[in-house]
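To start, the structure under review is shown below, and the notes come after it.
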Amino acid sequence: MGRIIRVTGPLVVADGMKGSKMYEVVRVGEMGLIGEIIRLEGDKAVIQVYEETAGIRPGEPVEGTGSSLSVELGPGLLTSMYDGIQRPLEKLRELSGDFIARGLTAPALPRDKKWHFTPTVKVGDKVTGGDILGVVPETSIIEHKILVPPWVEGEIVEIAEEGDYTVEEVIAKVKKPDGSIEELKMYHKWPVRVKRPYKNKLPPEVPLITGQRTIDTFFSIAKGGTAAIPGPFGSGKTVTQHQLAKWSDAQVVVYIGCGERGNEMTDVLEEFPKLKDPKTGKPLMERTVLIANTSNMPVAAREASIYTGITIAEYFRDQGYDVALMADSTSRWAEALREISGRLEEMPGEEGYPAYLASKIAEFYERAGRVVTLGSEPRVGSVSVIGAVSPPGGDFSEPVVQNTLRVVKVFWALDADLARRRHFPAINWLRSYSLYLDSIQDWWHKNVDPEWRKMRDTAMALLQKEAELQEIVRIVGPDALPDREKAILIVTRMLREDYLQQDAFDEVDTYCPPKKQVTMMRVILNFYERTMEAVDRGVPVDEIAKLPVREKIGRMKFEPDIEKIRALIDETNEQFEELFKKYGA
């Protein structure tokens, strides 16, 4: 038990704290606010408090809990909404109304709810960390696998029969090699700053299909990959994150609203229960865990929310699921680090951020990956991390963006100019990149189309050529261009408007499956080949621009039937043949 000697914003200094350890959770003051020790000097402890510290004064008690900041992992995580330190917001609302009272806690997993447990092991079986004890149908989409905690191994001496149990009831007893008995419940705790162990990492060879054409075709992310979405205000970071949370083919989505506006989390809460998962037809909320740590919540908890989210994601990965984690936005987390570092009077680095910013960001993104899990029957699971970065004024040379780019393999650069032109998703195809293309192209070739990479590279080359031509057009006007280059501008406009642009609010266009993406690309590239042939055969470019099929190509993104889109290839060819006849080419 210690006493407060100093309070500065979210930081509290207490003395008489001998015997405490780093990152231990403490209760601060008469109100019992939750805090975490982040520095120890002699018997003094520096504590970052995860709640508003107004009204606390020197002399009040500080009590250690003996455990580090941990999350509860078990049935009940899905469909829940937590704050940054895994307090269930719905439960807190029942306890204190719309405004959360300070010092309030509630168990993260519901203690009174009974779950239907079906054992998969029997007495006498040998188990190690990561083995599955049994399964619980948590939602209609996800079957929750009850895992042996990583530190336990031994022989099952008792296992619960199939039936309904709460998370607090003992469902198994394991005799460890030293003869002691470990009681296992449906949940276990895990410290958030420690990454969960696995057997080994696998190369990222399977793409995370998002249903967004720009991303899947040009700048793919692999399952277990890392991506950053930097962009200025209003360029569509949050809507892009929402689209990925809705439609990506991950089985579980963890969405962290870290220091962003509260209304954006409200949007997710309003929309997700109504939206249907394209694969199962069930509400999307049934595969989602939300962590809300909005801009009006205490700054210190932003740091915790990032770690809480990634630990929950790793837990579902250990069950053999593909998990997508959205962090919106990591800039606010970095700003929280900057504020706490300033209060600790540490030497500032670039733009006032702490010198350890780069290693903190790397540590977070390194917890992504596709892995073989622990256990006697290894499974494959993955955590893909997609972090939004909001640099002030859209300046990509800012430290958070630069340090993030060193670590992540995919960069989706959002562009304010594109957003102003109402071109969404506003991902700038000239500045963005993906380093996963070589490793995932085999999957595309095997499962979708053997010419995927060739078509993607052709389209990319056309878009780059367009950027060069646009500069010439700005100086001398479009009429000075030769016919071939005028024709390229017609095709690239189709690529931009009919392929890259996508309507997140249209029922059909919000999600574009891989087969449809490839068919659409084939239609446009076929038009390009025929256009070049027509120009070489002397057909005027103006005539090509007037072809009626162009309007149909413009509407194909709203057409759910792939065969109807494929039919546009024949229609294009017929209309070009008529042009050739007309001009005797």
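Placement of Cβ uses the backbone N, Cα and C atoms for every residue, glycine included.
In sequence order, LYS237, ALA388, VAL389, SER390, GLY394, ALA413, LEU414, ASP415, ALA416, ALA426 make up the list of same-chain residues 6 or more apart from GLY231 (ATP binding site) whose Cβ falls under 8 Å from its Cβ. Annotation source Swiss-Prot lists ATP binding site at GLY231, PRO232, PHE233, GLY234, SER235, GLY236, LYS237, THR238, citing sequence analysis.
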Handout entry: Close in space, distant in sequence - THR238 (ATP binding site), Cβ under 8 Å, 6 or more apart
Key = GLU260, GLU264, ASP328, ALA388
Exercise for the section: Going by DSSP, give the three-state secondary structure for GLY236 (ATP binding site). Expected result: coil
Exercise for the section: Using the centroid of the Cβ atoms of GLY231, PRO232, PHE233, GLY234, SER235, GLY236, LYS237, THR238 as reference, list every other same-chain residue with Cβ within 8 Å of it (recorded ATP site), in sequence order. Expected result: SER390, LEU414, ALA416, ALA419, ALA426
Completion exercise
DSSP, reduced to three states, assigns GLY231 (ATP binding site) to coil
Problem - Cβ neighbours of SER235 (ATP binding site) where a neighbour is any other Cβ within 10 Å - result: 26
